[in-house]
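**Q** Here it is: the structure, laid out below.
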Amino acid sequence: MAGHSSELVSFQLSRLQSDEDGPRIGRLIFQGRDPIDTPHYVAISSRGAVPHLSQDMMRENTSIRALYTAVEDFIEKASLHSQVPPVFNCPTSADESPLRKFIALQKDALLILGTRRIPPLPCPASSTASSISIITSLGVGMLECTDYAEAVQKLRPDIVLGMGDVLFGHKPSVKRKDVMGDRTLAWLKELISAMEDEDDGTPRTALFAPILPIEAEQQSYYVGALQDELRDSVSGLVLYDSASVGAIPENMRGLPRLYLGDATSPHRLLDAMALDMDVFTVSFITEATDAGIALDFSFPALSDANTVGQLPLGIDMWSSAFAHNVSPLLGNCQCYTCTNHHRAFVQHLLNAKEMLGWVLLQLHNHHIVDEFFAGARDSIHGGSFEGERLMFEKTYTAELPAKTGQGPRLRGYQFRSEGKGGPRKNPIAFRPLDDGKEKLAEAALPSSDVDAENLGLQEFAEKLELCNTCSFTVTTQIFLAVCSNRKIFQSIPANVCIVPLNGHLVNGGYIFFVPFVGSFVGSNMTSTTPTKWLKAIQSLIYIQQIFAPLNIPSSLSFISCSHKNLTLKLLDTLNMKIILSLSVLAGLRLASARIGDLTYFSAGLGSCGITSTGNDAVVALSLPMMANGDNPNTNFMCGSQISIRNPTTGQTAEATVVDTCQACALNDIDASESLFSTLAGGLGAGRVPVEWGENILRD
Amino acid sequence: MSTSSKSPALEFEIIAKCSTTKARASILTLPHGPVLLPMFMPVATQASLKGLTPKQLARTGCNLCLNNTYHLGLKPGQDVLEKLGGAHVLQGWNGNILTDSGGFQMVSLLKLAKVTEEGVRFLSPHDGTPMLLTPEHSISLQNTIGSDIIMQLDDVIATTSPDAERMREAMERSIRWLDRCIAAHKKPATQNLFCIIQGGLDLGMRKVCCEEMARRDTPGIAIGGLSGGEDKVSYCQVVNACTNWLPQNKPRYVMGVGYPEDLLVSVALGADMFDCVWPTRTARFGNAIVPTGNLNLRHASFANDFATIEADCKCPCCRPEEDGGLGITRAYIHHVAAKETAGAHLLTMHNVHYLLSLMGRVRAAIVEDRYPEFLRAYFSKAYGGDMTRVPTWAVTALREVGVDLLNWR
């Protein structure tokens, strides 16, 4: 009989848990790791590293004792190409964790594995009976419960968090709440049986079971099973909402509690501590760092009679007021940054966008949170927690200071802007030189009777190579061009389809498509009917997404596909005219005005993954118009602009596509309330006929 | 001939010379400590070596790095530097710093820069107002920065320029500007002004420039205007010729060189100091420098490669955990490259360490008088034992100094 995983972990509370809720201090001891006095925090990693910190920095200049990693950060290659995730293959000695080895985590730190990043990127798809929806660097995918169990067996983290059927970002419906407990229980059992199947019977991983963020009675069956059947397999609990603390069964109250809930400020951490949470993930550390803010708070708050008003929780290091300031970020701070550098340097680094600026802030901010937890433990120990919590609440502002400077250069999929059409996180770093614009203005567009072959001969554009063996459906003969110059579009003939894409995909440019006689290798498509078109376009968007992390600053890019891999070629802006000419040759007409009915709906989180309100000028288009693929969030229509006209009144408006309308006929539009009011003169009409089109740029 | 020299803020002593090539091993003592030459100097453009802390940089073995005057002049600006007390204080770096004059960036980064006898005219990148960088201004900025080695403002034009007249003008102007720099230099007791030899690929002009500048007796000498797209054969000819004309007892710095092969050949031709942004820049693109060339670790073939970046490398990333290192694998770099900046930091550490340790081994080989063998072993490894694949320029240049890679002994 295998030993129980719960034997790996012991949790000693310094006082016996009484009935009354109140902060508690304890010590979490995992065999072979440094003990962790609680309350404490777990550092959050991204792809195995604490953002900005190389592993040597983390080891030497932080006191991080526990690291949270997400399975979705490691399995993208497998989910898309049905291969084994590379990390599984990391060679180790028998008692080593491949994951720990892979990410070079020091031996004395506790390694925790969960399903999703913290905070998770909002996921469009919902979970199924056997899987949850995840986002990897290659896009949206499903994480099957069995795959998670396999990952745990292979990766051997110290602690694994049970896969919970938990929604992020919005409240579950009543129906959904019913299945959450059942699914989580089934998944937990699957995980436990997989963990017990380990060959040599020596447990290496301890399991923390989720307590769901729903009312106690709604998860009573699940919790009942936890305390009756699974008690011996569970070493700790994961909570997503401090309110669900009441659902913890009696015989599990002494288990350590990992709190993954909303901890946007130190105040919220203290609230959760007051409700007996033990270990926390603190996402505001990295958020403050990215915003250029040096955290500045301590617990208990240092009382200063002279202070007028509340103190800020951090210092905005972008401020030029620090340019000459050679004092440390904080006077008595013992962190690496404060003992080796000064404010002027950090201010300079941020200002010069040098990566070291964020490194130094990240070290400091982790130290501040370290000290904060140490202070809280002392305070609980001394019995003065509640009073000091109130004092802290009074002393400091409720929220972190607003960000004034720019964040670090954004690398990677984890920094996508919120939905297409959302604001850029950083302004565009590069722009064409002015003389380029002049040249462009002077350049005559080729006349429409120039054929593509001649243009090719003049070496304006490289010829596209044909693609025979691409693994996804890629067209052989479609040109994709991206342009950020609005002016050009005013001279495009009306028979070219233009789709503006304001999202991150193409750097705020526009995308337009020039079909030749279509022929799609992957799906045997031979005609160019509009729906098949959409499929083709989606393929192209997919390609574009792969290239998106490159942050192409150019005003024009071609995508071509060669035998084995895709290549992206940047061409000069002047080459835009070739595209124009080719598009004329293609003679496609897609952008003519459509006529349909306008109705209204109450806007919220739409199929594009964008949350909007009734006051936003947003629309949902019909199912066939949207033609959503596997991931509706990446639908190229999302974020595109349409213009709508009410022919009866002559009223026009522009709107952004954010959702799919299930009940609409092909050309119908479902609009937000404010937009409907604008066009129909109030909500009374309910349904009015309108004309609309995507080609608003040529009005 | 003397093998050492002494200036108020610099001592230079050659401790060994290769008996075959012109390579030298020396000790350069600067205000912030001794530096062993030959050496590669990493470039911390804006007072930071691309994400590494000064301690991490020191751990790669570096005690002399570059800052760019042009960039520091813009941010944080002379006023701030003045108040802080210079770049060492700004970045918390107790090693040595070398600053360029700012002239190269004026020409390479800015459109509409125009060189006149007064200085370099350019449009402010902040607000487009016309500005002028004179030799006096450049030296004043570098005096404020407080770098251990400062460079004269020179008139840089591409070596590939066919305009011989303009080239001569640039060379002669650089000499006149050197005089103005020397006159403007306020801190010769703590900062060392290096002259910069110009003259393009014209050996006649280079000779004139070497003689004229050597006469000014600056503590050190740079060979400038190279690495601007000229072919390697011409590059080697210029370096080889200049080191013949320059005094033996001064450190020689070839600007803008950083590929391992270029470094090895240049050392054989008698150069001592080098700088280049390539090792750090290429790291940020996911490329690791190894003895067999470059590994683009973003390539899918590395996803399952669990070897360390380079076997036997002693950098903090490659050293195994038992040895106090991190034991970072190629697969992990592949996993984070271009997705987390920590990946860039790790590779930057490796690449800088690689070049510094390479130069350390070069130095040891010179001291033990086995540099020709070292060259042969390095090129053999880099080209899989097939010396016929070694680039012709390298073979030719090394033959000039007595090493024949193709017909060994």
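Backbone N, Cα and C define each Cβ position, glycine as well.
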**Q** Figure out which of B:Gly77, B:Gly220, B:Gly225 sits with B:Asp100, B:Ser101, B:Gly102, B:Gly103, B:Phe104, B:Asp154, B:Gln198 in the substrate site per TrEMBL.
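**A** For the substrate site that includes B:Asp100, B:Ser101, B:Gly102, B:Gly103, B:Phe104, B:Asp154, B:Gln198, TrEMBL also lists B:Gly225.
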**Q** B:Cys313, B:Cys315, B:Cys318 bind Zn(2+) in TrEMBL, but which of B:His88, B:His137, B:His185, B:His350 does that record place at the same site?
**A** B:His350
**Q** Region 'RNA binding' per TrEMBL sits at which of B:67-73, B:256-262, B:291-297, B:368-374?
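**A** Checked against TrEMBL: region 'RNA binding' maps to B:256-262.
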**Q** Tell me, if you would, which residue among B:Cys313, B:Cys315, B:Cys318 (binding-site residues) has the fewest other CB atoms within 10 Å in the structure shown?
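**A** Result for the binding-site residues B:Cys313, B:Cys315, B:Cys318: minimum number of other Cβ atoms within 10 Å at B:Cys313.
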**Q** Taking the centroid of the Cβ atoms of B:Asp100, B:Ser101, B:Gly102, B:Gly103, B:Phe104, B:Asp154, B:Gln198, B:Gly225 as the substrate site, which other residues of that chain lie with their Cβ within 8 Å of it, listed in sequence order?
**A** B:Met151, B:Gln152, B:Leu153, B:Asp155, B:Val156, B:Ile196, B:Gly224, B:Met255
**Q** Please give me the CB contact count at 10 A for B:Ser101 (substrate binding site), counting all chains in the structure.
**A** 31
**Q** Are there residues of the same chain, six or more positions away from B:His350 (Zn(2+) binding site), whose CB falls under 8 angstroms from its CB, and which are they?
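**A** Looking at Cβ-Cβ distances below 8 Å from B:His350 (Zn(2+) binding site), excluding near sequence neighbours, one finds B:Ala283, B:Ala288, B:Ile289, B:Ile309, B:Glu310, B:Cys313, B:Cys315, B:Cys317, B:Cys318.
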**Q** Would you mind reading off the Cα separation of B:Asp154 (substrate binding site) from B:Asp100 (active site, proton acceptor), to the nearest angstrom?
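**A** That separation, Cα to Cα, works out to 10 Å.
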**Q** Restricting to the same chain and to sequence separations of six or more, state which residues have a Cβ under 8 Å from that of B:Phe104 (substrate binding site).
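**A** Long-range Cβ contacts: B:Tyr70, B:Val156, B:Met255.
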**Q** Using DSSP, break the region 'RNA binding' (B:280-284) down into helix, strand and coil residues and give each count.
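**A** Grouping H, G, I as helix and E, B as strand yields 5 helix, 0 strand, 0 coil.
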**Q** According to DSSP, collapsed to three classes, what secondary structure does B:Asp275 (active site, nucleophile) have?
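**A** DSSP assigns B:Asp275 (active site, nucleophile) to strand.
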**Q** Can you tell which of the binding-site residues (B:Gly102, B:Gly103) has the fewest other C-beta atoms within 10 angstroms of its C-beta?
**A** B:Gly102
**Q** Whose Cβ lies within 8 Å of the mean position of the Cβ atoms of B:Cys313, B:Cys315, B:Cys318, B:His350, the Zn(2+) site, other than those residues?
**A** B:Thr308, B:Ile309, B:Glu310, B:Lys314, B:Pro316, B:Cys317, B:Arg319, B:Gly325, B:Met349, B:His353, B:Tyr354
